[in-house]
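Chemist: Supplied in C-alpha cells, the structure appears directly below.
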Amino acid sequence: MKVLAAMSGGVDSSVAAARMVDAGHEVVGVHMALSTAPGTLRTGSRGCCSKEDAADARRVADVLGIPFYVWDFAEKFKEDVINDFVSSYARGETPNPCVRCNQQIKFAALSARAVALGFDTVATGHYARLSGGRLRRAVDRDKDQSYVLAVLTAQQLRHAAFPIGDTPKRQIRAEAARRGLAVANKPDSHDICFIPSGNTKAFLGERIGVRRGVVVDADGVVLASHDGVHGFTIGQRRGLGIAGPGPNGRPRYVTAIDADTATVHVGDVTDLDVQTLTGRAPVFTAGAAPSGPVDCVVQVRAHGETVSAVAELIGDALFVQLHAPLRGVARGQTLVLYRPDPAGDEVLGSATIAGASGLSTGGNPGA
C-alpha cells in the first residue's frame, strides 16, 4: 500500500510514520508548511508546523529511509483556518481552530492531493482508532483526539490511518527513543499555533479592530464598556472591566454575547447551565445519518466531560437533549456524539453549536 505520512516534526507523527514503514508499506513523508512569514507560527516546543519542526521531520525521514517533501498549504490555511477563526470570534462565537484545520487542511486538502497522486492512505499521529471504518477513541483517554477528528466524513476516513491510537503516549515516547529518533523527548505542542504570542485577544484585535459596546447585567443595567466582543467568551469571569460582584455577592460570568449590538451579557454561574443544544452543518462519520432519535453521549470540548443525551436530526439541524446540564457552552464550539462501547467509544458524528437553552426560562441566549 502506498502511504503518505503527514509528519509534523513531533514524536507522535514520527512514530506513526515508522510503524507504517515497519508494516511494509511504501511510505513518503510530507510536512505541511502553513505559513511563509517568519514569526506567524509558534516555534520549537510551543507549536507545530514551523521551520524547526520541518527540519525535525526531515531528520526523522532520513532515519526511516523514506522520501520527504514539504507541501505549501499556507494560503489555504490562512483562508480556511485563520480567517475563519477571526470571523467566528467577530460573530461572538468560540471556535476550535484545530477542528477546522483537520476538516479543511489535513483531511481535505492534504488527503485530496495524496489521493490524486496515487496514495492509498494518509497516516497521521493522531490519538484515535479506526475499526471497520468506524472512528473510535484512543486507548490513551488523556490524549484521545477523536473529538477533533469527528468532523471527518466517511469518505475521508476511508483514506486515513491512525497507527498510534492503540498505544499510550508514554510508550510512544519510549518507542521513539528505542528507534533513535531525536524527537523522542520533544515537548507536545499546545495552544494555537498561529498566535505566536499566545495572546488571543490581541491577535483578534489587530484583525477585527475596535467595535465598542457595553457589558450589561440580567436587568439590562450597563456595568462597563468594551472595545469588541472578540475579547469575550461564554463562561469568562476575569477581564470583564466590572468593579465588583453581583448583588448576591457572587462573581459574574459572561452568559451571552450579541455581536450585532456589541452587547456582552453577564450573570450568575448558574445561568451558564444548558440542557438543550442545536447544531448546524452536521457530519456523520459512518456515512448515513440516523433516521430518528439516537441515545448517545455528548462532548463539547476537546478533553471535556461527557453527558448522556438523545440526539435527533431534523432537516439540516441537529437537536440534542442532555440528560444532565453542561456549563458554559458557546456558539461555534463543536459538539461530538459518541456511542458508548467497552471496546472504545464510537464517534457517531458532530456539528457546530448554533444555540443552546438553559434550565431557567430564557436560558443562555448567547450560547
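The backbone N, Cα and C atoms fix where each Cβ goes, and this holds for glycine too.
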Chemist: Quick one: which of Gly125, Gly132, Gly133 does Swiss-Prot put in the ATP site with Ala6, Met7, Ser8, Gly9, Gly10, Val11, Asp12, Ser13, Met32?
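Modeler: Among Gly125, Gly132, Gly133, only Gly125 appears alongside Ala6, Met7, Ser8, Gly9, Gly10, Val11, Asp12, Ser13, Met32 as ATP-binding in Swiss-Prot.
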Chemist: CA-CA, which of the recorded positions Cys101, His126, Cys193, Gln333 lies nearest Ala6 (ATP binding site)?
Modeler: His126
Chemist: Write down the Cα-Cα distance for His126 (site 'Interaction with tRNA') and Gly10 (ATP binding site), rounded and given in Å.
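Modeler: Distance (Cα to Cα, whole Å): 11 Å.
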Chemist: Please find which two of Ala6, Met7, Ser8, Gly9, Gly10, Val11, Asp12, Ser13, Met32, Gly125 have the most distant C-alpha atoms, given that the record lists them as binding ATP, and give only that distance in angstrom, rounded to a whole number.
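Modeler: The ATP-binding residues span at most 16 Å between Cα atoms.
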Chemist: So, three-state DSSP: helix, strand or coil for Cys101 (active site, nucleophile)?
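Modeler: In three-state terms, Cys101 (active site, nucleophile) counts as helix.
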Chemist: Roughly how many Å lie between the Cα atoms of Cys193 (disulfide bond) and Cys101 (active site, nucleophile), rounded to a whole value?
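Modeler: Cα-Cα, rounded: 11 Å.
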Chemist: Out of Ser8, Asp12, Met32, Cys101, Gln333, point to the one nearest His126 (site 'Interaction with tRNA') in space (Cα versus Cα); all of them are recorded positions in the record.
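Modeler: Closest by Cα distance to His126 (site 'Interaction with tRNA') among the recorded positions Ser8, Asp12, Met32, Cys101, Gln333: Asp12.
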Chemist: Could you state the CA-to-CA distance between Ser8 (ATP binding site) and Gln333 (site 'Interaction with tRNA') to the nearest Å?
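Modeler: Computed Cα spacing between Ser8 (ATP binding site) and Gln333 (site 'Interaction with tRNA') is 25 Å.
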